[in-house]
Every structure is written in structure tokens, then in C-alpha cells.
DNA sequence: ACTGGGACCTGGACGC
DNA sequence: TGCGTCCAGGTCCCAG
């Protein structure tokens, strides 16, 4: 006779390598954290090592303790937690950062607190009973605590380009921003100063949908084609956020680990497989640009 | 100013 | 079984 069991942390581990956190994953994490954190007081902050990619403020735990989280925002791939102390906790997931929610979640399932694992670097116990655990094996992630008024001017955020889903990201902007650039369009779209929040995966997907070769020099693409990238980028990200949102509830019920959801990529990670662009069917090819994998269809991306 | 390449970090996949 | 090597990529930093 089988016995029902509580979800375990192992249930959260995706079978395949999880997608790296780009804008949609970060937004999904933010939405998942919100019910556990917004309006809640941080009763205890356990900073289990002094640094991720950079050292934490040495008194970060003390400054977090007793603070109420007013709201969670997102800028590019950063999560910003505004506190009632006048400070903002800046969080970046890097490449392997994960957020796990356990304990009491208002309006959601209750999970037992998991045993601490390797790479659990920061643990926040909320007064309401929820616990947020930040785990980051590769430690490319980051946290900093700065005055809220200065958060957007933080050196990590200061040079970021416009949000791809915002009004400032439009065809006139993108055409002007790429004019004269001799770098491949793949690299230009990965440049966070051009547009903030895209990573390797969604750049590959956007270029595939737009039918633009990742090798083409950014400044040599006809303006109408560049303009066409804007709605495609918005669509790719919006669809991914929607997928994350719809999976959030199920995923939280399954594990408590936030931000990972099933993707249906057309190009990324599909070397040798048929291109999924409507009516194409060419073979997806993998090349290396700037030391990174690029997946594209030589048949429909020109 | 722009561009390309290296460094950081660790776990997992792979070959011998 | 175990060891070495490669790969993943977000971001910073540096050299040209």
C-alpha cells in the first residue's frame, strides 16, 4: 500500500538541465516569491557565506532582520526587494541561482522546510512562517543592499538598456541603437546595454522567429527587418512568462522551487532537429559565437 | 567607442 | 571505477 508523501526537494530537480535564468525565468521567480515575501517581515536572515560573485555587505543579515518587504520588483534579470527600512535588496540569480519557498505560504501549499543543502547561501525566514532559500552552485549570482532611491543607479543596473516589454523598446530605438554596429546581431542582442533581459536562449529563439541569421552584422540589417525584431522579442518573452505563470501554481505544488518550467523552443538546444518555423523544416545548426552556442536554421534565417 | 576573448564557478556528461 | 576534459553561460574586465 502506497503512502502519500510530502513533496521533497528532489522533486524540484528538473530531469534535463534547467534553462538559465533570463527575463522570463526571473519574472516567474519574482511572481512566485511575492506571496511569500510581500508585506512580510524578515524575522531572520541567515547569510551562510560572505559572498556570491562579490562580497555581501558585511552587515547584510543585520540590516535585513526586522525589515518588512514592501514589494518585489524586477529590472532586467534582477529582482529588487524594496524594504520599509529605505533599503532595497538587489538579487541576481546568475546562471545557476535557484529560489526555494517552504513553510507557510498564504493561500498556497505548505511545505516542510527542507534540510539545508550544499550551496544554500542565504536563507530568509519570514515572520509569517515562509522561508526563502537562495541556492547557487556556481555562485555567479549576486546580492547587494542599497538605498532604495539609489537602486536603479547601482553599478550593476546603471548601464542597462530598456526593458524589452516596455515602451522605450521600439523599432525606432532599436534601429538607431544598432546603426553602424559591426558585431553580429546575436552578440548585439545579448548586450544588456542594447536591450535588458535577453540571454542566449531567447536571443536564439527571437532570431529564429524573425528569420534573421545570427551571424549578420547588426548594423547591416535593413531597418524594416530590425524593426520586425521588436514584436518578435516581445512575443517570445511574453509567451515564456505566460508559460512560467501558468506552471507556477503546479510547480509550487510539486516542489516549492520557483522559476523552472517547460519550454518549447524552436531552435535552442535542437541541433540537427528540424526547424519549427512554419513551413521550413531545415536542420537546426549549432555554431559558436563569442564562445557561446548559437542555434539557428541556415535555411530560413538569412 | 567598439569589439572579441578570457575569467569566474561548479556539476554533469563524456571518453578512455 | 575513476580520472581527466569539456561544456553550460551572465557578467565583468582587459587588450587591441
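Any Cβ shown, glycine's included, is placed from N, Cα and C.
All TrEMBL annotations are machine predictions without curation.
TrEMBL names A:138, A:181 for binding DNA. Of A:119, A:154, the residue it gives for the same site is A:119. Check TrEMBL against the ranges A:1-25, A:26-50 and you find region 'Disordered' recorded for A:1-25.
Within the model, the domain 'FPG-type' (A:266-302) shows a mean pLDDT value of 92, rounded to a whole number. The active-site residues recorded for this entry are A:21, A:22, A:77, A:292, and the Cα of A:21 lies nearest to that of residue A:138 (DNA binding site). For residue A:77 (active site, proton donor), the same-chain residues lying six or more positions away in sequence with a CB closer than 8 A to its CB are A:21, A:22, A:23, A:26, A:92, A:93, A:196, A:197, A:199.
Helix, strand and coil residue tallies for the domain 'Formamidopyrimidine-DNA glycosylase catalytic' (A:21-141), in that order: 20 helix, 51 strand, 50 coil [DSSP]. Cα spacing between residue A:292 (active site, proton donor) and residue A:181 (DNA binding site): 19 Å, rounded to the nearest whole number.
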